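Trainee: Quick paste from Swiss-Prot:
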type	residues	note
MOD_RES	K93	N6-succinyllysine
MOD_RES	K261	N6-acetyllysine
MOD_RES	K261	N6-succinyllysine
MOD_RES	K268	N6-acetyllysine
ACT_SITE	H343	active site, proton acceptor
BINDING	K419, K423, S424, E425, K426, L427, S428, P429, D430, S456, R504, Q555	CoA binding site
BINDING	Y452, S454, T465	(R)-carnitine binding site
Amino acid sequence: MLAFAARTVVKPLGLLKPSSLMKVSGRFKAHQDALPRLPVPPLQQSLDYYLKALQPIVSEEEWAHTKQLVDEFQTSGGVGERLQKGLERRAKKMENWLSEWWLKTAYLQFRQPVVIYSSPGVILPKQDFVDLQGQLRFAAKLIEGVLDFKSMIDNETLPVEFLGGQPLCMNQYYQILSSCRVPGPKQDSVVNFLKSKRPPTHITVVHNYQFFELDVYHSDGTPLTSDQIFVQLEKIWNSSLQSNKEPVGILTSNHRNTWAKAYNNLIKDKVNRESVNSIQKSIFTVCLDKQVPRVSDDVYRNHVAGQMLHGGGSKFNSGNRWFDKTLQFIVAEDGSCGMVYEHAAAEGPPIVALVDHVMEYTKKPELVRSPMVPLPMPKKLRFNITPEIKNDIEKAKQNLSIMIQDLDIMMLTFHHFGKDFPKSEKLSPDAFIQVALQLAYYRIYGQACATYESASLRMFHLGRTDTIRSASIDSLAFVKGMGDSTVPEQQKVELLRKAVQAHRAYTDRAIRGEAFDRHLLGLKLQAIEDLVSMPDIFMDTSYAIAMHFNLSTSQVPAKTDCVMFFGPVVPDGYGICYNPMEAHINFSVSAYNSCAETNAARMAHYLEKALLDMRTLLQNHPRAKL
């Protein structure tokens, strides 16, 4: 069970005005308290939607068997009704009946490494510096931009986001700074110091696998300027010219149980414990990377994506990370930059809103040179490495190397059109892209598959995500019709429009809390909590097929010309993320090399062809002008 690619369909914030210095106390709480609570959908409604979603992905025999199980489950006075009542009681007692369960199930109890399997990476536009000065100047400006965004969070002046005219829960913005995941033997935890009595005033900077604590506020509480931060980054760079022989950070890339053991080992030592505490408490991390290995232009972006997602291995930049840290910004010597974030705290949109703000901020000219004041030397974080820890580091290096070699990742910039074309056809760009994904997959494999697209539940207090299931009866009818020469072109157009509209309708239901995936998960977890034997519908082949997402997808729109990416959630699947810009679309496609049936470049090729064929179909049969 993976971080379920929980990434969402939300309008980006746009550039926020430089933050007001006036603190608006209580505004955040008042806004949050006014949000509706997440409803528990009616049982029969969810089960009907479940049966409908199974039709394109399971055989007729399997479907008929599941229909029987569903009927038994929802008999009057039966187990389904009992579990539903339990969920409804839970919903009355809690601020959000799902959020705590979801955090545990999707993230904290997930035992695979966070690297590749859970934490998304982001590629930002390549910067035009090519030397150390440029790298440090840009990093300093980026840090100043994040602190500017942070002041809006601190002062509660962050503009509220809206979706379909409804205000959204802003809680995730309060989770992404000064927070960190902590490994545990069976379940991890997340620590957050933003609201502590003495909130942290430092960030972590990593260079040559060495960690530094850099104070970014003066004693009077004002933030350092980018000029002042630049001077501090130079000091860090000059005091870490050689790579650390023991890249402690690489331990965070391991399987969670393995890392939990190594972590307990590591923090037995007081010096190590203090260093780890400093990293966990820091506002965020900045990784000053070596340049990405030189490769031809067409694969350069794929290499950069790897650097952002996993660091490229122990010979490159993987030791320059603390993967448990919620936010890590990465700036390399050659101008490539981006970030990786730990997924437990938030979905993509709050991260992208921060990125949009920061990238816009980095373009602002320095109007005044700030006065040079004497600043203390940034503190180097020391680690005492025992033979046992050294051995743990070696094992982590080997495991990471295997994971990296298995990842097949491809960046695609689709130049032919952007969201402008579907909009001109009065079609939702997101739904249009999702139907193209269905067409691409069907053309390769000759069948539909369980497809996950993340839907935001942020209309509700503490809402995270639910699932939009893109493989539908209507999408299957379209992709079959598209390959059938006996189907008239005009009918193909109608099938396409119907498939896009069906996806749009599912999306609208999902963001209103009426999708069935989280509801079924809730019923399953309620059964575990009530210690009743697991109902048959959850032990059924159809349920296993429905939860095996061969396509795990997400739209993460941004104003910045960037794209997010993540690994597939199943061994024989794809991870696909996209940012539809006005006249082009940024895609990322990932697969695993260990699966002979999947190939990221092939999927990207078929996706491009599907989008072009759908455009041609619509252009050849224009809608009648009303």
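Glycine is no exception: its Cβ is also placed from the backbone N, Cα and C atoms.
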Trainee: Report the nearest neighbour of S428 (CoA binding site) in space among the recorded positions K261, K268, H343, Y452, comparing Cα positions.
Mentor: Y452
Trainee: Quick one, of the recorded positions K268, S428, which Cβ has the fewest other Cβ within 10 Å?
Mentor: K268
Trainee: Between any two of Y452, S454, T465, the residues recorded as binding (R)-carnitine, what is the biggest Cα to Cα distance in Å?
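Mentor: Roughly 11 Å, rounded to the nearest whole number.
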Trainee: Do me a favour and check the Cα-Cα span between T465 ((R)-carnitine binding site) and the residue listed as 'active site, proton acceptor'; whole Å is fine.
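Mentor: Cα to Cα, T465 ((R)-carnitine binding site) and the residue listed as 'active site, proton acceptor' are separated by 12 Å.
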Trainee: Starting from each candidate's C-beta and looking 10 angstroms out, tell me which of the recorded positions K261, R504 has the most other C-beta atoms.
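Mentor: When each Cβ's neighbours within 10 Å are tallied, R504 leads.
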Trainee: How long is the line from the C-alpha of D430 (CoA binding site) to the C-alpha of S454 ((R)-carnitine binding site), rounded to the nearest angstrom?
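Mentor: Distance between the two Cα atoms comes out at 11 Å.
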Trainee: Counting other Cβ atoms within 10 Å of each residue's Cβ, which of the binding-site residues S424, S454, T465 comes out lowest?
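Mentor: Candidates: the binding-site residues S424, S454, T465. Fewest Cβ atoms within 10 Å: S424.
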Trainee: Need the DSSP three-state call for S454 ((R)-carnitine binding site) to compare against my parser.
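Mentor: S454 ((R)-carnitine binding site) sits in a strand per DSSP.
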Trainee: Give me the CA-CA distance between R504 (CoA binding site) and Y452 ((R)-carnitine binding site), in Å, as a whole number.
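Mentor: R504 (CoA binding site) and Y452 ((R)-carnitine binding site) have their Cα atoms 14 Å apart.
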Trainee: Nearest to K261 (N6-acetyllysine) in three-dimensional space, by Cα, is which of the recorded positions H343, Y452, S454?
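Mentor: The smallest Cα gap between K261 (N6-acetyllysine) and any of the recorded positions is with H343.
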Trainee: In which DSSP state, out of helix, strand and coil, do we find T465 ((R)-carnitine binding site)?
Mentor: strand
Trainee: Taking every protein chain in this structure into account, which of the recorded positions H343, K419, K426 has the most other Cβ atoms within 10 Å of its Cβ?
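Mentor: Compared across H343, K419, K426, the most Cβ atoms within 10 Å surround H343.
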Trainee: Among the recorded positions listed here, K93, D430, Y452, which has the most company in the form of other Cβ atoms within 10 Å of its Cβ?
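Mentor: Of K93, D430, Y452, the one with the most crowded Cβ is Y452.
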Trainee: Given that the record lists K419, K423, S424, E425, K426, L427, S428, P429, D430, S456, R504, Q555 as binding CoA, what is the largest C-alpha to C-alpha distance among them, in Å?
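Mentor: Comparing all Cα pairs, the maximum is 25 Å.
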